[in-house]
Structures are given as structure tokens and as C-alpha cells.
Amino acid sequence: PTGQDAGGKKWGSKLERLFAHPLYNIRSPALGDEEVLLQPEDLMNYYKRKVSRWERHQKYYNEVAAATNISLPDREAVFDPEASWLKFHLGINRYALYSRDDPNVERLLQDLRSTAVINADYTQDEKALKGVCDCSQVVKPSGHHLKLALKLKDFGKAMFKPMRQERDQETPEDFFYFVDFQRHNAEIAAFHLDRILDFRRVPPVAGRLINVTDEILLATQNEELRSVFFTSPANNTCFFAKCLYVCKTEYAVCGNPDMLEGSMSAYLPGLSIAPRISIPSPWIRSYTFTGREEWEVNPFYCDTVKQLYPYNSGNRLLNIIDMAIFDFLIGNMDRHHYEIFTKFGDDGFPLHFDNARGFGKHSHDEMSILAPLTQCCIIKRSTLLRLKLLSQEEYRLSDVMRESLGHDMLRPVLTEPHLLALDRRLQRVLRVVHKCVRKLGEAQVVAVDFVESHRTTA
Amino acid sequence: MILFRKFRVLILMVFLIACTMHIMIDLLPKLERRAGSSTGNSACSCSHRPSEEPQSWGKQRARPGAESGWPNKHTLRILQDFSNEPSSNLTSHSLEKITGAGERTEAFKKMEHYAQNGETKKHFIQDTDVVKNLPVKGFTRLSTLFEHPLYKTALPPLTDEDTLFNVNTDIRFNPKAAENQEWHNEGNEEEYTPTGESSADSYPNWLRFHIGINRYELYSRHNPVMDALLKDLVSQRITSVAMKSGGTQLKLIMTFQNYGQALFKPMKQTREQETPPDFFYFSDFERHNAEIAAFHLDRILDFRRVPPVAGRLVNMTKEIRDVTRDKKLWRTFFVSPANNICFYGECSYYCSTEHALCGKPDQIEGSLAAFLPDLALAKRKTWRNPWRRSYHKRKKAEWEVDPDYCEEVKQTPPYDSGTRLLDIMDMTIFDFLMGNMDRHHYETFEKFGNETFIIHLDNGRGFGKHSHDEVSILVPLSQCCRVKKSTHLKLQLLAKEEYKLSAVMAESLLKDRLTPVLIQPHLDAMDRRLRLVLKVLADCIEKEGYSNVVEDDLDEESAHTATSRR
């Protein structure tokens with residue numbers, strides 16, 4: 001049925017042609033209650049409680065403000081049961097964060113781009129540090145990095161990461177992966193790439209121009225956040241990540257004079273209704289200057305991993321390899337942990353979170369990121385087929401990425417060299433697979449994966 | 001096998017080439033030095049040639065921003081935390097803090113040793129009058145500038161009160177040095193003479209520099225010692241390295257083969273990089289090339305208030321990591337993913353992996369500034385600059401809001417008498433030409449009281465923006481409307497086409513190892529700023545009359561010279 005749908009259209013764009021391809025139109029199996037992350041009633045109740053708490057808090061806050069004669073801009077919040085972020089949360093199932101043809105994703109991206117901000121605050125992991133700054137730490141905990149949680153008018157939340165680097169800047173060659181910058185455009189591009197690869201494991205991210213004065217400084221109720229704002233000698237409004245600033249590792253980010261680019265990534269459902277666990281990647285790096293992990297020295301490392309629970313059964317190892325391919329394409333060496341929803345158990349998909357350290361060097365392909373694939377020599381058939389498809393002229397990865405990113409407000413999100421690097425890296429992935437097949441035979445290497453087999457028979 | 005044999009030949013070749021290179025490199029500086037000393041000293045009236053292995057003796061520069069500043073880790077005033085909060089009372093630095101005690105006592109001993117030949121001192125001081133040995137080679141503008149009558153005014157006659165060291169007495173007066181000398185005398189008598197021909201009656205360049213310091217200048221105009229000292233800074237073997245404690249940004253104290261010391265500031269920015277517009281003056285990087293250029297500019301302005309600075313390419317492995325006994329420093333060395341040697345040290349500003357200093361693969365540029373005499377021998381006074389900035393993101397300093405601020409200053413000692421206020425004006429002009437907004441304190445030698453020049457230390461934050469002229473630096477000048485006649489005339493001279501400041505600076509900087517020290521836009525900016533200074537002065541003169549603005553310091557001096565000429 002999908003084929004007919006495709007036939008009726010004129011092919012103006014490679015991206016549309018890609019999504020119309022049969023490989024992208026395998027029907028998902030029907031979902032049972034247990035295969036959906038959230039039940040609508042539970043979610044509604046949860047959020048209604050949150051909303052009423054917010055309203056109480058707001059009322060109190062406004063009274064205090066009025067008592068001290070501060071006039072606050074009116075920030076009206078509207079609870080909308082049809083809000084795109086709620087739909088997004090409800091759509092999360094055991095196969096992916098959202099479905100392929102979900103029109104809600106576009107709506108959500110649009111909302112992230114334009115819905116008014118009503119509150120700004122530090123993120124949970126920053127608050128968890130409780131203001132403790134240890135400047136001697138070489139590897140800074142993730143809470144140290146400058147990012148903010150923004151609440152939108154419809155009560156949706158987004159993580160804001162400001163622009164730290166120009167598009168054409170590359171990571172200096174002497175930087176280790178754990179001191180690299182956080183790039184807002186990498187967050188955006190990672191979402192698009194993940195969708196094009198049909199993994200759908202990155203929460204939607206949109207670029208946005210934020211007015212730091214109106215939408216952060218005046219919107220926040222956090223005194224500490226307010227205290228990190230200042231006006232620069234060039235009369236721009238600036239703010240900084242407290243710890244990194246105190247430790248003099250990073251200077252402030254500044255608007256021009258107020259407007260600042262950044263990435264807005266949609267929040268996942270709260271941990272209390274959809275708990276997740278964080279698991280260290282078996283191919284974690286040492287996070288030291290000299291240390292090496294076992295996988296870096298032992299070419300047979302994967303044999304050990306394969307014996308270990310939970311990698312000894314099911315899809316887990318294959319999912320890790322998907323993730324390695326994804327990271328290799330974006331050049332992200334900083335994948336120390338991955339998260340999965342506890343509800344889906346061991347067969348759940350890993351979330352591809354926190355991709356801001358990708359797209360740092362377009363002139364360098366970090367082959368060590370591919371270690372899981374090169375050492376294990378196994379790949380999902382569905383992934384391999386899509387990678388092959390994307391290496392073809394009429395679906396070329398760089399072209400579909402360029403087109404997909406063209407929809408973002410901050411276009412161009414990636415410079416040409418980065419887009420072309422994607423093609424080059426894709427070839428390298430395919431070459432690694434090819435080598436494996438030559439060595440071990442196709443039956444050993446190309447795994448007919450669990451989900452896919454289901455679908456083809458369906 | 002054949003392949004291997006081929007390689008053997010290749011390896012042998014490489015080895016031979018390496019050997020030749022080493023021999024050449026070893027020989028070159030020696031030859032150079034020999035050539036330098038023979039030409040330089042034949043013209044010199046003094047009987048002592050600089051030793052073949054010149055020594056420079058280190059002095060801890062009292063850095064106002066540093067030593068005792070920073071109360072514990074700026075937890076309270078986060079908004080001020082990029083400020084270079086100096087403490088006000090820094091005249092007494094503890095010696096122990098500074099460097100390895102070994103080098104120090106060694107240095108004291110040397111001093112004592114040289115002191116016994118005190119009578120020779122006068123020769124150095126009288127170098128002032130030696131104008132013959134000008135470096136006239138391909139450099140024309142610079143030498144014509146120095147030939148100009150304005151650059152030939154002589155100093156008043158110097159008495160014992162006017163020189164920093166009365167070599168005979170000073171050591172006796174310094175119990176600490178004597179003490180050190182005594183307990184150190186036990187073991188290493190033979191280390192007295194470092195190497196080569198340096199003997200009891202031959203002073204090393206660093207000591208000649210120290211002895212030459214007097215009430216009016218750090219060094220005399222055509223002192224051959226200065227060129228030799230600059231050469232020393234570049235060529236002396238580095239025997240030990242220590243981190244300067246308490247500093248805001250990373251600085252290393254380097255000790256040379258023969259106990260000479262210098263302050264090393266590594267390169268942090270490329271020549272083309274400008275300070276980002278959103279940076280405050282107190283969060284700016286310190287630039288090694290600014291240190292070098294400041295020395296040259298100061299000399300061209302004929303102030304002679306900056307200790308000599310030279311650029312040097314330092315091998316981070318052999319000349320820093322392998323010779324330091326500082327564990328904290330040593331620990332921060334690492335090999336980068338691009339296989340370069342990097343380190344970041346320990347300090348409060350930009351000492352982290354994100355700001356690691358990396359060689360290519362192990363060579364790093366830096367500036368080496370000669371140390372001033374040890375504080376134990378020549379105490380210095382630290383003064384708070386009346387036009388100090390607030391070092392706060394939002395607060396303004398008093399002078400920024402009060403247009404009559406200078407009237408107040410003029411009535412406060414020491415600005416109410418002598419030349420101090422005029423010296424501040426000189427410093428203001430100097431800082432404006434470089435764009436240095438970070439002049440919070442200045443220093444003088446305690447011995448000379450209030451009638452002395454001020455030392456222009458710490459110029460690393462100059463030359464940050466070539467496209468911007470920070471006119472607020474000139475505020476002292478526009479508020480006070482006072483200037484020395486000599487300075488005014490020199491500025492006018494340097495604004496003329498044939499003596500153009502940018503051209504003489506470019507010429508002067510060519511002599512540095514790290515040439516080009518400044519990119520052309522910075523040089524051009526100095527011409528532009530010079531015109532702005534002259535404009536401010538012209539406005540002052542128009543408003544208040546020539547004689548109220550320009551203080552005639554030339555007549556007085558020539559009167560002095562007339563009587564003092566021997």
C-alpha cells in the first residue's frame with residue numbers, strides 16, 4: 001500500500017524519495033499496552049499535578065514580586081491536552097521514540113522553535129552538584145556544562161544548549177575528547193541523522209534564536225542563574241556556566257546584543273513516570289591522558305563482551321553497534337554511557353542522548369569509535385541495507401542530510417565539509433562490514449534482527 | 001634483507017646529518033657571541049668585557065596581582081572572579097616563596113663575590129655617556145632616531161645615593177645575604193666560577209644590568225650590556241624551571257646555567273588573534289609578544305623603564321619538563337591526540353586542559369624577561385595606580401565618574417611634588433599606545449624614595465586589539481593635562497614621517513628571535529594612537545596654555561649635565 005502512495009508523487013526531493021523507499025515503509029507490528037511507554041491517563045494525571053503545582057508556585061511568586069514592587073512580564077501558561085510534547089511522550093514505544101510518519105514530530109519541532117518561554121532554570125544534573133566546583137578535575141561532570149532547562153508556554157520542556165563555536169571552527173587538534181566543546185549544531189544535526197538512519201532514538205531537536213534577556217534572565221526564578229548574567233564591554237548580554245567560569249576554563253556566552261543561537265531538545269517523560277537506567281558503554285574510554293581501556297589493546301575484546309549479560313542475548317549488542325555507527329558518522333567519542341527505558345527491559349533500544357560533541361572535526365575520521373563493529377563483526381540487516389541505500393547516488397547521505405537540515409531555523413546547521421565527511425565515513429563503515437563478510441561469511445555478520453524479521457513476516 | 005641493508009645506509013645518513021646539525025647548533029651561538037663581544041667591547045670604554053658565558057641573575061619580579069592577592073578561591077564574589085585583584089601591600093615578598101633556595105644562595109654568594117670589586121662599578125654607570133657603540137647596520141631609521149639630539153640628553157651626575165647598588169656596602173647591610181653566604185660556603189667553593197673565562201673581575205651581563213640601575217633609569221641608552229643580556233636570554237642553557245606561585249596566569253621562572261633568572265610567559269594566542277569584544281580587561285590573556293613589544297616601545301620612547309625581554313623558542317621536553325623539580329608542573333605534562341607535548345601548569349587563570357599549552361611537537365614560543373635585582377638586595381615599593389580600574393563587571397571607579405579627579409590626586413602625596421605625576425602621564429601614554437588597560441599598580445625602588453622613575457612591569461595585556469583604541473586609558477592625561485616636555489617632543493618626533501613610530505618599532509622588533517613580533521595592524525594602530533595622544537595634548541594646551549601643560553624638564557637636565565660633565 002505504501003508503494004502506491006509513493007508512486008503518486010513527483011520526486012522533487014531526495015529526502016522524500018528516501019522516506020518513500022520500501023525500506024522505510026516496513027509496517028511496524030501492532031503495539032500492545034505493554035509495548036507503549038506511557039498510558040494516556042497516567043501521563044495526564046501526572047502532568048495535571050505538575051501544572052497545578054506550577055500555578056500555585058506562580059501565584060505565590062507573583063504576590064512576592066508585587067509586594068516588592070517588581071513588575072513581572074506577564075507569562076501566561078496554557079495547559080493543552082493536545083500539546084505536541086504530550087503526544088510525543090505518548091508515542092514512545094518499545095521500538096523507537098517516535099514513529100516514521102508521525103506528523104506530531106514536525107509540530108513538536110515547530111513548537112520548540114517558536115513557543116514562548118515562561119521559565120528558565122538549571123538542569124537537574126547541574127543542581128545535583130549543589131554548586132560545588134572542583135577545578136582540579138580534568139574531566140568535568142556533565143552538570144558543569146552550560147545548558148538550561150526552558151519551560152514553554154504549553155508546559156513542554158526543552159534543554160537549551162547555547163552556541164559555543166562558529167560553524168567553521170574545528171576542534172583543535174590537541175584537544176582530548178573529554179575537553180571538547182559542546183556544539184549546539186551537533187545536537188541538531190544528530191537528530192536529523194538519526195531520523196535519516198531510521199533509528200529514531202534521539203529526542204527531537206530544533207535550532208532557535210533565544211533572546212537571553214527576555215527568555216532567560218527575566219523568565220528565571222532562580223536567583224543563582226540570574227546572578228551569572230552581566231553586560232560585556234561590547235554591551236552584549238552574557239551569562240556563564242558558574243563552575244567552568246570560576247575555574248577559568250570557559251568564558252561566558254554572549255548574545256548579540258540579546259539574541260543567541262542554541263539548540264532546543266525536547267525533554268523525555270519525567271523519570272518518576274518513565275524511569276531510565278544509565279549503563280556504561282562496554283567500549284568506554286579511559287577519560288585520562290594516557291590510560292587505555294581493554295578494548296583498545298585487545299582485538300578479541302568483543303568475544304568477552306558477547307559472553308556477558310546482557311550482551312549475550314537479544315538485540316542489545318546489535319543496538320550498541322548501531323550506536324557505534326551513528327557515533328562514528330558524527331565523530332562523537334564521548335559516548336561513555338547509554339540509557340534505556342526500564343520498562344522495555346533488556347530488549348529496549350538505547351537512547352542516543354547528548355550528541356553535542358559530535359561534528360567537531362570534518363577532516364578526521366576517528367576509526368576507534370567503530371571498534372564495536374570492527375571487533376564484533378556483526379550488524380543488523382536492516383541497518384546495513386539502509387546504509388547501503390544511503391551510499392547510493394540518488395539517496396546520498398550528504399544530500400538528504402543537507403535537505404533535512406534545511407528545514408531548521410539555524411540553517412546552515414552544518415558546513416559542507418561536515419556533510420561530505422558523512423559520505424566518506426559511510427563508505428568506511430561499509431568497507432568494514434565488507435571486510436567482515438569476507439572473513440566470516442555473510443551469515444555470520446549480517447544478523448537478521450529481531451524486529452525486522454517480525455516486520456517482514458507481518 | 002636487501003631492503004634492510006638499504007635502510008641501514010639511510011639510518012647512517014640520518015645519524016650523520018643529525019650529528020653535523022648538533023655540532024653546528026652548538027658552535028653558532030659561540031661564534032655569534034665572540035663576534036658580538038669583540039665588536040661591542042672594543043668601543044666600550046670600560047675595562048671589563050662581558051664574560052663569554054654571560055650570567056644573568058634572577059630577581060623575583062614583585063607581581064602585584066599575584067602573591068598574596070586572591071583570598072581563597074573566589075567563592076564569594078563570583079562576578080569579580082576574573083579580576084586581577086591585587087593586594088596593596090606587597091613590598092615584602094618572602095624569599096622562600098620564590099625559587100629553589102639553592103639557586104638563590106648561589107646568587108647571593110656571587111653577589112658577594114663581585115661586590116669585593118666594587119670600584120669597577122662606576123664604569124657601568126658611566127655607560128650613559130658611551131654613545132659610540134651604536135648598532136648601525138642595515139637599520140637606518142632606528143639609529144637616526146637614537147642620533148637625534150632629543151635622545152642625547154644626559155643624566156644628572158650620580159652619587160652613591162642615586163645608584164641602586166653601592167656594591168661594597170650593600171652586601172654588608174644585608175644580613176640575610178651574608179647569612180646565606182656563610183652556611184653555603186661549606187661545600188661548593190669550586191662553583192664560584194661557573195665556566196669558561198668568567199673570573200672574579202669580569203661581571204656577567206645580568207649583574208652589569210643590575211648594577212647599572214640608578215635613580216633615573218633601568219639601563220642607560222646605549223649600554224652594550226643590554227644587547228648582550230638580550231642575547232643571553234635567548235641562548236643561555238636553562239638549568240631549572242619553577243612555576244611562579246600565586247600568579248594569575250601561568251608564568252615560569254627559568255634559571256640559567258649560571259644562576260641568571262628570567263620570567264617566562266608562554267605563547268597563548270596567535271599573532272593574528274584579537275581579544276574578543278566581550279572580554280573584560282581583567283579576563284584577557286597575557287601575550288608573550290606584548291611583553292617583547294612593550295620593551296622595545298619603552299626603549300623607543302626613551303623611558304627605559306621596562307626590564308629587557310626577549311623572545312625564545314623553548315623545547316618543552318628538554319628545557320621545561322626534564323629540568324623542573326616542581327611536581328605540580330611536571331604532573332600536568334601530557335601528549336595530545338595530535339602527538340604534541342602539552343602542559344597546563346597550576347594557576348588561577350586558564351590553567352586547565354582546555355587551555356593547555358601545546359608545542360609543535362615540542363617547541364613552544366615564549367617571552368623571557370630578565371629579573372630585577374632580588375628584593376632582599378633592592379626593595380621595591382608597590383603603589384596603587386590612582387587611575388586603577390574597578391576590576392568589577394558593573395562597578396565604576398571614581399575617576400570614571402569624577403571629571404575633576406586629577407585635582408584630588410595632585411594634592412595627594414607623592415603626586416603633589418617631584419615628577420611622579422608626570423611619570424604617571426608617561427606611563428599612561430605608554431599604556432595607551434599598547435592598549436594595556438591592566439595597569440592597576442606600579443613599582444619603584446624603595447632606595448630612591450619618591451624622586452625616581454616608575455618601573456613598567458607586566459605588559460602582557462597590551463596589544464590585544466589593533467582595531468580598537470581604548471581612550472579611557474588616556475583619561476589621566478586628559479584629566480590632568482600635564483606632560484613632560486621631553487616626552488612631548490619625542491612624541492612629536494615619532495609622529496613625523498622620517499621617524500614614524502610604526503617603522504622604528506618594526507625595525508627594532510626585527511632583532512628579536514620571534515620576529516615578526518607584531519603584525520602590521522598593531523604597528524599601524526600605534527601611529528593612530530600616537531596622533532590621538534598628541535591631539536589630547538594639543539587640546540590641553542589650547543585650553544590651559546602651553547606653560548601650564550608642558551613641564552620643562554629639559555633645561556633643568558642640561559644644566560645638570562653642564563656641571564656634571566667631566
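Glycine is no exception: its Cβ is also placed from the backbone N, Cα and C atoms.
Taken verbatim from TrEMBL:
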type	residues	note
TRANSMEM	B:7-25	transmembrane segment
REGION	B:39-71	region 'Disordered'
REGION	B:178-200	region 'Disordered'
BINDING	B:Gln249, B:Lys265, B:Glu286, B:Ala369, B:Ala370, B:Phe371, B:Leu372, B:Glu443, B:Asp458	ATP binding site
DOMAIN	B:333-550	domain 'FAM20 C-terminal'
ACT_SITE	B:Asp438	active site
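Neighbour density for B:Asp438 (active site): within 10 A of its CB lie 23 other CB atoms from the protein chains shown. Take B:Gln249, B:Lys265, B:Glu286, B:Ala369, B:Ala370, B:Phe371, B:Leu372, B:Glu443, B:Asp458, the residues named in the record as contacts for ATP: the widest Cα to Cα gap among them comes to 20 Å. Fewest other C-beta atoms within 10 Å: among the binding-site residues B:Glu286, B:Asp458, that description fits B:Glu286. Burial estimate for the binding-site residues (B:Gln249, B:Ala370, B:Leu372): highest at B:Ala370, by number of other CB atoms within 10 Å. Taken residue by residue with DSSP, B:Gln249 (ATP binding site) is part of a strand.
Using CA atoms as reference points, the binding-site residues B:Gln249, B:Ala370, B:Leu372, B:Asp458 were checked against the residue listed as 'active site', and the closest is B:Asp458. For the recorded site, B:Ala370 (ATP binding site), the DSSP three-state label reads strand.
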